[in-house]
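Chemist: What follows is a single structure, and I will ask about it in a moment.
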């Protein structure tokens, strides 16, 4: 009995481990795992179904087929446990040992492991310093390799063909040795002395000048060091013994009809064994060399196929022409071991069904069909039935449940009470896709879902299905209730705004009841209290929308929680009073006393959560919903065709637009405007017409004229159903109403360019055939886009989660005082995001001081909450330095001060919060809402008619920001820089508006001038790109030959001639090399220089440019030399939507990036090469640069427009040539903060366009993970190699140690890695391997003998432990503490202690 108990105890024990190591297996190790050698290719006997002896399923090697039974049947049952049968040699034990016992195959000739050979970079190749081609020629018996040169002229590792080998034999006899095949490779690897090689390379690297050589050496050095330190031996990459997988992991299952279903591995193993046995026989027979060689090659190929089929040559196929699934295929890919079984598992105790709406539920409830509940809670019911004595055995209980006896239902009610269940809707894009509810039993078969959680699940009731899961353990129930309950998830973790917000019909009801109607029944009545109002309303004495006065009490809650009440008489409507009755105390009346559109309702719920508290908010949200449904039913709003009133002005507007278009067509016909200009202008006209129609239509729908009490006509907001739907935010938008009642407007072709002829009809009038055909393009593209988008968005989320999964809040405070400077986002005349919104929920890094004094306004370490935001807005502060995840100095994880507020809870983030995963989900979840399309410039024109001037909105002072200007004779400024901006500051000096000023714009004000609202301060022609002269002088042409490089055109109407530069493609061969340009000369014909420089005033003219001046004309400063039609100058596609977000996170370099100044200094131009210009920057202080030169130079293609002139001063990181920014350059030249700002702003732009709110800190969290690695620039006394990529934390740790010992620390440069690269470069090989490129990651990890400390979430999921985040953090901290205690207590244990412990254990086990 004791035996049995011990056996059971040993079965249940879990091994505790702290890390996992992966390394190469030596032949001895493989033999030690093995339980015997597999010698025959047979599997099982097809008559008796018994495994063949010494075959692939042999019971002697792998264990018995049936529990406690040997193969021949001599020993059966438990009592013979552990005996080895003398007849058949099988140990009597559990059959499940066939899942863990391995065998082996002794190979007759060594075989190279294909992973270390072919997975790039080839490890064997690096080690032997040979190319992969050469090694393959040796391995597959095409040439000899010299393994021991002896005293000859040959070198070790030299390849010899057959002829060369025989010649060498004749010449040197047996002075030297040359071999072929894997043995040769093995011999070469044995000969390597790791230590001396490492020493040699370490000395060689500093003495090498060529970059490529250093790269090669440091790669090889890294590999050699890895072998040296990990204890792996290089020759183990060639196998002499092949392990055999346990048979139950490659099963052979008999099907009916005498056929077998088998794992592909068995076929692959059979080939290996067959070839191996044949090779053994050939060697015994001393067969001719050529035959043996062929057999060895075939063995090598068979083993290759077993390990990784298809990696080399053609994949071996089975009987059905399908490639066989090798060991490598088992672990990689979506269906592989990692992603299918370790990271994604099926869940027991779950069910799924269609969802229907449950408008009567409370927020924390869901309706669960009785049938489902009975099935899901079966074990609980069984135990209750037994406990009550209603059933004697489980079997009897089962019977009762199957018969559905009455008592079972009573027990089910009890079991379910206060037992939450989890509801999940696929796709689970963020953590709100799984929430906990208390089940309410219902009849029927559909799950009832509370309407307010639909937006979190993104669910609708058109046939969606949801899954139910039952948390079994008490801990799971507790977590479900405390963390996952729908009532605890009011705020969205992405933006911190409420996500439990009424939508659609509820909004419509609340909006309708809070509207005013002039001259409704009971208008002007005065009531004593709210009760009287509802009595009057329900007895039909007063209308719901009537304006009345009522006396009510308003309670307000201050910042410290103190309550103040005030009773007053207020002007309001009946509906608003009814709504006021359900509003919790503490909410001001003015939040309710207005038409409740969706935004207003959201604001009330948000305020309620922040000020009144969670419980009140939940109750309030529920009551809002009930009331909304009630009144939307009473409103009886519906749509008829006549609700879409077509504006009277429409015909007139369209006629005017048509006339304008005709005008432009005639201009085009007579050659006054180019094709591109015509296209742009036409589209502009129609965009404007469309907007006008829409405006007049909305004016018609949104207002109605009524007679008021005094019999006078008065305008009020209309009660048109369509208008109410759109205005309340319930459904539809002005853009959709425009298509129904205005005009459909311009349509896009499938490639995104806009068709010139708009659809003038609307849906109420109906489309004709042509119009319908045009509009099908867009509809189809929309559907195709959606399908592609979903997959792309899912992949982006997966990469984001993978890169950020191990980022958890571990510390309270890392103590840093660095951070990011936050300022408001201003575009054009609007503040898009105020400073308050940006810093809400952040911690201030340093004291904010009032400008011009030393008064501290906000002390460092303050968490900015809503109250502080109000104060900061009043103080007129322009920017605040806040702590950020990017600058957090915690070694692993992140501290809660740098992260700030937990957005979903509204207080400071708790240690253990998995902020990385939350960030990834918040960015990935709205991915499906982003567009896939790339906007062409034409598309941009359609979105807004092209801007051609800057009109100021409010009064203020002008600030010109990095604009270079020249002033023309009229005294106006002309902008000659491309990235200039003009800002307007208000009286207190805060920036309120900001506009981009394009090249060639006329600026009519000076810097610092005061302007009034509505004043136009700059204007330009939006359809052409000018080239502006910066000096006055005489025009001299060069490279302008008529008919070769230019074409003269004379206008019939005006008689003016213009010159057009031909595109090189259109020129005759003689003109191909001409470079048309204009030089400005003085009266004597000498070249003029640009002001204060020695750069000639020389303008290259691009193709398609149009000149209106002639050779010898005299021009002034600021005059336009040439115009380039806008479509002619290179229009860059603006990548929008999802691809743009992916590009930013992958840190991709754009095609033609902006060129930045690498150092600060003076610009000059060197000798030009063909097609390139040489830009030279000389440091002003004359210091010598790192590489020893006195200046920095870069070659820039001629077609790039430069923004700097000779002699100009540039600062490091300033733009020299325009283009999209390259994030790597920003990091290198401007630092981490500039990079963070760039990436955050760019990504926010994309999301903002779609109206998605995401908090900046999620993006910063991902950027932190992208900045984990550094590149070593100088080694110092560290163990790092120059040019090596290392984790930042490990460099910091090593440098600390070196400084403590007074040695030289290593210097490094921060690196920016794309999210895919960063995921693959994590410390943890388990996490990287389960992400992508499994083979490569595992190969590298094995060679370097990597140890995975299981720090992240993914690794712990894979090994099946609690994750070190959330509630699992306590378990991990506890284990850490126990480990430390154990280390400190490792003092000897006496024999008596052991004995006492044993007796104690036995006692407890017997009892």
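Backbone N, Cα and C atoms are what each Cβ position is placed from, and that goes for glycine too.
For 70, 72, 85, 88, the entry in Swiss-Prot reads Zn(2+) 1 binding site, with the evidence type sequence analysis. Look at Swiss-Prot and you will find 460, 462, 464 tagged as Mg(2+) binding site, backed by sequence analysis. Summarising the annotation, Swiss-Prot assigns Zn(2+) 2 binding site to 814, 888, 895, 898 and lists sequence analysis as the type of evidence.
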Chemist: For the binding-site residues 88, 895, work out the Cβ neighbour count at 10 Å and name the residue with the minimum.
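Modeler: Counting other Cβ atoms within 10 Å of each of the binding-site residues 88, 895 gives the minimum at 88.
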Chemist: Using all protein chains in view, find how many other C-beta atoms are within 10 Å of the C-beta of residue 72 (Zn(2+) 1 binding site).
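Modeler: I count 14 other Cβ atoms within 10 Å of it.
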Chemist: Using residue 898 (Zn(2+) 2 binding site) as the reference point, find which of the binding-site residues 70, 72, 460, 462, 464 has the shortest Cα-to-Cα distance to it.
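Modeler: Smallest Cα separation from residue 898 (Zn(2+) 2 binding site) among 70, 72, 460, 462, 464: 460.
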Chemist: Nearest by CA distance to residue 462 (Mg(2+) binding site): which of the binding-site residues is it, out of 70, 72, 85, 814?
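Modeler: Closest by Cα distance to residue 462 (Mg(2+) binding site) among the binding-site residues 70, 72, 85, 814: 814.
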Chemist: Show, in sequence order, which residues other than 814, 888, 895, 898 on the same chain lie with their Cβ within 8 Å of the centre of the Cβ atoms of the Zn(2+) 2 site.
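Modeler: Going along the sequence, the neighbours come out as 811, 813, 816, 883, 885, 887, 889, 890, 894, 896, 897, 899.
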Chemist: Taking just the CA atoms, what is the gap between residue 460 (Mg(2+) binding site) and residue 895 (Zn(2+) 2 binding site) in Å?
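Modeler: Answer for this pair: 39 Å between alpha carbons.
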Chemist: Report the member of 460, 462, 464 (the binding-site residues) whose C-beta atom has the most other C-beta atoms within 10 angstroms.
Modeler: 464
Chemist: Compare the C-alpha of residue 72 (Zn(2+) 1 binding site) with the C-alpha of each of the binding-site residues 464, 814, 888, 895, and give the closest one.
Modeler: 464
Chemist: Tell me, how many other CB atoms lie within 10 A of the CB of residue 814 (Zn(2+) 2 binding site), whichever protein chain they belong to?
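Modeler: 18, counting other Cβ atoms within 10 Å of residue 814 (Zn(2+) 2 binding site).
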Chemist: Would you say which of the binding-site residues 70, 85, 888, 898 has the most Cβ atoms within 10 Å of its own Cβ?
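Modeler: Top count of Cβ atoms within 10 Å goes to 898.
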Chemist: Going by DSSP, give the three-state secondary structure for residue 895 (Zn(2+) 2 binding site).
Modeler: strand
Chemist: Centre the Cβ atoms of 70, 72, 85, 88, go out 8 Å, and tell me which other residues of that chain have a Cβ in range of the Zn(2+) 1 site.
Modeler: 59, 71, 73, 74, 75, 86, 87, 89, 90
